[in-house]
Amino acid sequence: MAAIEPSGLHPGERDSSCPQEGIPRPSGSLELAQEYLQQFKVTMTQLQQIQASLLCSMEQALKGQDSPAPSVRMLPTYVRSTPHGTEQGDFLVLELGATGASLRVLWVTLTGTKEHSVETRSQEFVIPQEVILGAGQQLFDFAARCLSEFLDAYPVENQGLKLGFNFSFPCHQTGLDKSTLISWTKGFRCSGVEGQDVVQLLRDAIQRQGTYNIDVVAMVNDTVGTMMGCELGTRPCEVGLIVDTGTNACYMEEARHVAALDEDRGRTCVSIEWGSFYDEEALGPVLTTFDDALDHESLVPGAQRFEKMIGGLYLGELVRLVLVHLSQHGVLFGGCASPALLSQNSILLEHVAKMEDPATGIAHVHTVLQGLGLSPQASDAELVQRVCMAVCTRAAQLCASALAAVLSRLQHSREQQTLHVAVATGGRVFEWHPRFLCILKETVMLLAPECDVSFIPSVDGGGRGVAMVTAVAARLATHRRILEETLAPFQLSLEQLTAVQAQMREAMIRGLQGESSSLRMLPTYVRATPDGSERGDFLALDLGGTNFRVLLVRVAEGSVQITNQVYSIPEYVAQGSGQKLFDHIVDCIVDFQKRQGLSGQSLPLGFTFSFPCKQLGLDQGILLNWTKGFNASGCEGQDVVYLLREAIRRRQAVELNVVAIVNDTVGTMMSCGYDDPCCEMGLIVGTGTNACYMEELRNVASVPGDSGHMCINMEWGAFGDDGSLSMLGTCFDASVDQASINPGKQRFEKMISGMYLGEIVRHILLHLTSLGVLFRGQKTQCLQTRDIFKTKFLSEIESDSLALRQVRAILEDLGLTLTSDDALMVLEVCQAVSRRAAQLCGAGVAAVVEKIRENRGLQELTVSVGVDGTLYKLHPHFSRLVSVTVRKLAPQCTVTFLQSEDGSGKGAALVTRVACRLTQMACV
């Protein structure tokens, strides 16, 4: 496009060489005008291509790819949360660079309520030219003096005033309060500032001033301020969009996707810096000759090409270039371009906005053009208005394509079928232009139909928005401190775990010697573990709840085959007479034998009986009390093996050889011991927790004999009932204990097992909610409900992908409304509770394996532990944490953990077979 030189006339003057008014337009002029306007038409395909290209560039930048170099920067702003309406307090804002040669100081009061949520007062200070061009220290000292002067006018307490700094110059931000100036713009040329942390320079100046105690909390750009400053609605505002002199957007990205952060959890606000976007294949086809001319005339040709098609600084200039071209071709103004029209930047954004107004636009066209020394005809005014519409429509559509890329990014990264989000809008193009937002909305709906978007005008992003960033940062810091203080008692040191290990060793020794101890150390009369030679067919019974299992276990060389049948125990049987219960059990056994073709055979039988018993022999167990909803009369205080044998006798013609009554923990050890002869410990971590191990018989005071081994049922859930664990207990443990059916008992179990961990978490969440840290401080009935937070939720939450989707789903199903910060904190609470549980369990295992090693006088011990229980098996980190703790506390022991397969069935059968083997050996 040919360069156009101004003729040197003043605005308002007309060139005397211009053709006379009223001369008709040359033929074909309307077609020529249409041709020029057509250049600004952007097709849906082109918009989709721009959307895809920008999205690709965004993702490249997020990943830190530099080849090919992405055309957008995707800068982390270190703003990690959006407002949730409870922010309150007084905040200072210093705004420098947003309004040219002046700075603004604001006092913003946030009330934390929906009504009158924000109150502000402000003062503007003109920056002298010698300060703008002087030393950097002089500028920041001036800013500090302005802060003091502003505060002097109001009665404020000089106690840690929180300040947000809006510094509108290109910076490299490395933290919320760390930002290095890249280069000055907007006429500022202060020496000694470029390459320096401007937040620190401001802090130093405030300290030199020495008048007020001001804490600079956050450095914020105007786009982020726009997002943070919008009114709270029914959906989260997680996108900020500025179309002012320039254009930019920011949004809340998953932190794990931002390579520059190297973080896994939470979100961070990313400033896209999309004004620099350029892709020849996508953007090239929509660039016009007028865009090229504008770029050539700009201060930095070739840069910010996308911004130069959208930003308010350029829209008026694009309109001017089109009008000049049309006039030079005789289409407008009788072929006459006035000197003012030929002058760069003579048409501004405010002119374009007024001329395009549907109601008063034509009148404004005449006013603006006459001010440029032109005398437009009616047809000229109409065409000028069409030019304005074409330029601005394209700008809105291009902006929409970029916004659609951001929305698509949000939707796909969060794996949401429909994204519901609010976009905060700010800038004079939105404020002044009547149609820009309408076109933007319509185009976004076409380009991102899967996104449900509401647009909310931001109120004073540079002031209120910066204050809100500061308030949110202060809130997060306070909440983080409270969370850490709350969870600190759950962070067990190596010294604490070593103490637990030592206390358990002492309790084990006292229990074995028959002295007073919280560990009962019960002999199980299982004297050996499998040696791999076990063969044969066995029956096993498993009674531990409302379902009862009968199993046929076939042990062959290298394999164990299990066939089982589940039978229900009706409530009237479970709570009727003992005779009726055991008759029902025998009926089930007989039915199973018929189904398996075993009628008339007398197979050795092992009985897993998961109720509290005092065992007097391998086949003698006195029921202490019923649990789990059973209350059959005439059983407590009786030998349950005897009751079973009596039921068999009553049935007649049934031959069953009851060899052993088996505890489920022992069954777990024996089940794993068949595959690994080194397995000498059993561990259950499920609804409850317990452990057993092979002790030297000489150490068991209650059983005569000096040689051989005896499996000891530790009943370690009661460890600490003597008060030895009181130093580890928290107020949350105390609340759970007091609400339990057995206050003061099973203290170790209540800190470890699945029955209680969810309740501990629930009490912590209640506490944090009461302090306003979680769920906006809003207490809900669901959190007040006992056992509403299932322990399985811990496994699901801690198994969650990095997006914390499972956390949100679980809590929302419970009726809780939460933010991403809430989800992250709930995850941390779950991790703290389950980590402590695993570490305590590990300390217990370490005590046992060290006891085995010292019993045998070994320098090094290699031993395996058979493990069962839903918490151990299903929790994603529990088993690893147990193993790590054991390695730290028992470094001389090499411990392998084996997950048991059907300890109640296979284990009971193996106990039975080992007992038979030992009996046969004794006979020989």
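Just so it is clear, glycine is given a Cβ too, placed from its N, Cα and C backbone atoms.
Positions annotated as D-glucose 6-phosphate 1 binding site by Swiss-Prot, on the basis of similarity to another entry: 95-104, Asp222, Thr245, 426-428. In the three-state DSSP reading, Glu95 (D-glucose 6-phosphate 1 binding site) counts as strand.
For Gly544 (D-glucose 6-phosphate 2 binding site), the count of additional Cβ atoms within 10 Å of its Cβ stands at 16 [all protein chains shown]. Feature annotation from Swiss-Prot assigns D-glucose 6-phosphate 2 binding site to Asp542, Leu543, Gly544, Gly545, Thr546, Asp664, Thr687, Asp868, Gly869, Thr870, Ser904.
In the predicted model, residues of the domain 'Hexokinase 2' (477-913) average a pLDDT of 90. Look at Swiss-Prot and you will find 477-913 tagged as domain 'Hexokinase 2', backed by sequence analysis.
Per Swiss-Prot, the feature region 'Disordered' maps to 1-27.
Annotation comment: Swiss-Prot describes 84-220 as region 'Hexokinase small subdomain 1'. Summarised by DSSP class, the composition of the region 'Hexokinase small subdomain 1' (84-220) is 33 helix, 54 strand, 50 coil.
Taken from Swiss-Prot, the feature region 'Hexokinase large subdomain 1' covers 221-460, and the record attributes it to sequence analysis.
Annotation source Swiss-Prot lists region 'Hexokinase small subdomain 2' at 531-662.
Annotation source Swiss-Prot lists region 'Hexokinase large subdomain 2' at 663-902.
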* Rounded to a whole number, how many Å is the Cα of Gly426 (D-glucose 6-phosphate 1 binding site) away from the Cα of Gly869 (D-glucose 6-phosphate 2 binding site)? -> 56
* Asked: In the structure shown, which of the binding-site residues Ala101, Leu103 has the fewest Cβ neighbours within 10 Å?
  -> Ala101
* Let me know the largest Cα to Cα distance in Å among the D-glucose 6-phosphate 2-binding residues Asp542, Leu543, Gly544, Gly545, Thr546, Asp664, Thr687, Asp868, Gly869, Thr870, Ser904, as an integer. => 20
* Identify, in sequence order, the residues in the chain of Thr546 (D-glucose 6-phosphate 2 binding site) that are 6 or more apart from it along the sequence and have a CB within less than 8 Å of its CB; answer 'none' if there are none. => Ser568, Ile569, Glu571, Ala574, Lys628, Gly629
* Among the binding-site residues Thr687, Ser904, which residue has its Cβ surrounded by the fewest other Cβ atoms within 10 Å? -> Thr687
* To do: Quick one: pull the CA-CA distance for Arg428 (D-glucose 6-phosphate 1 binding site) versus Ser904 (D-glucose 6-phosphate 2 binding site), whole Å only.
  => 74
* Would you find the one among the binding-site residues Gly97, Gly426 whose Cβ has the most company, meaning other Cβ atoms within 10 Å? => Gly426
* Structure fact -> By Cα geometry, the one of the binding-site residues (Asp542, Gly544, Gly869) nearest Asp222 (D-glucose 6-phosphate 1 binding site) is Gly869
* Structure fact -> The correct DSSP tally for the region 'Hexokinase small subdomain 2' (531-662) reads 35 helix, 52 strand, 45 coil
* Structure fact -> Cα-Cα, Leu103 (D-glucose 6-phosphate 1 binding site) versus Thr687 (D-glucose 6-phosphate 2 binding site), nearest Å, comes out at 64
* Structure fact -> Here the binding-site residues are Glu95, Gly97, Ala101, and the Cα closest to that of Ser904 (D-glucose 6-phosphate 2 binding site) is found at Glu95
